[in-house]
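Colleague: One structure is given below, represented as structure tokens, and several questions about it will come after.
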Ligand SMILES: Cc1cc2nc3c(=O)[nH]c(=O)nc-3n(C[C@H](O)[C@H](O)[C@H](O)COP(=O)(O)O)c2cc1C
């Protein structure tokens, strides 16, 4: 059996507002109902969790303007306040929202996540990112963003500070002894007095310990520093790597790093991104994939915009018919993604490099009827190892139905995903197998 998650690539944002299947976008913008529908469907399908991406900028690096981003509708509401609404509509699904360690003060994050864990009865998780654009850093008062590896060093200390705050209440501290009139035992509640290089926090938390105590930590770094951070702290790691070989290498690498940090590799669930192309029959799905590829073909603008966002450099300035200039030490964004692209581009013009770039984020190609795709997923997991998949499709009700009412039952018929949840927390279910 393997685990399943759904990745919301634009967080609590807009998914193709003017597309054929995007629904009544004008009325639905910022309406939580679409996300509630997704959550209840994922629970029906037996998924482990949904993960809401987040950032705090309208991208404006490409050509130095927000024009293209605003045309496309790249906006995001804060995902954290959505969690209680999703929790109220579900009983078992894990609910993960993204927080940037660079910008959240540890006390604020520790208290918020503890509160959300209460409101969801032990089902909250947090995707920890260091965030990349300078514009995001400037929103929080910095002149520019910290350097990539320094961000991860800070993030490591941030997790220690947050964990110290979570641990300020010892087991048994909450007595609720009505006879003696004692709510909590003060000898079991301590200050954290965390005094690090980057963060200081006093504690204790003025909340009561939450069902999970330590909410689930999710992470998606790809660079050595990012993978070390995940291997040290994460309960679940998300990866977008190409092919079964890449998946196997990535999982082995994470396992090696975990052992180096004194952790058991079984203590993290590594989920690989997939974008299944589903239809009634295999032939229909192949035709659908052909149409999707044709629509994306030659969309150089979109590729340049994406590279600008993830690198923090304006790629409209690079000549399309020349090799990409040497960017060593010049980009400070999603480092591993940019480095991988540059390595694959050696000897090619920018135009050729973009044309041969892996399309989308799918780790394996999944195309076919629900049953065929279920078989492909089984094969990929057996070949590559790993703990499951993270579906990364736009949040439309059509995609939700295809995955939750087509693919998931096909996976279940093959015994590949859970029949039912255990009573208990997100953590209990994530580590049940
Ligand atoms: C599935 C997935 C989800 C991600 N979600 C976010 C996100 O919500 N916010 C963000 O700033 N970065 C996000 N990232 C980027 C990663 O945090 C990371 O920066 C990127 O994978 C590059 O790795 P590196 O930072 O180790 O170079 C995501 C990456 C992946 C693969």
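A Cβ is built for glycine as well, from the same backbone N, Cα and C atoms used for every other residue.
The feature FMN binding site is assigned by TrEMBL to 54, 98, 148, 152, 223. For 20-387, the entry in TrEMBL reads domain 'Luciferase-like'.
Just tell me what is around each of these and how deep it sits.
Modeller: Look at residue 152 (FMN binding site): DSSP puts it in a helix.
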Colleague: Under 8 Å between C-beta atoms and at least six apart in sequence, can you list the same-chain neighbours of residue 148 (FMN binding site), or say none if there are none?
Modeller: 130, 223, 225, 332, 333, 335
Colleague: Applying a 10 Å Cβ distance cut-off over all chains shown, what neighbour count does residue 54 (FMN binding site) have?
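Modeller: Summing over all protein chains shown, residue 54 (FMN binding site) has 22 other Cβ atoms within 10 Å.
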Colleague: Which residue, out of the binding-site residues 98, 223, shows the minimum number of other Cβ atoms inside 10 Å of its Cβ in this structure?
Modeller: 223
Colleague: Let's check the environment of residue 152 (FMN binding site): how many other CB atoms sit within 10 Å of its CB?
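Modeller: There are 24 of them.
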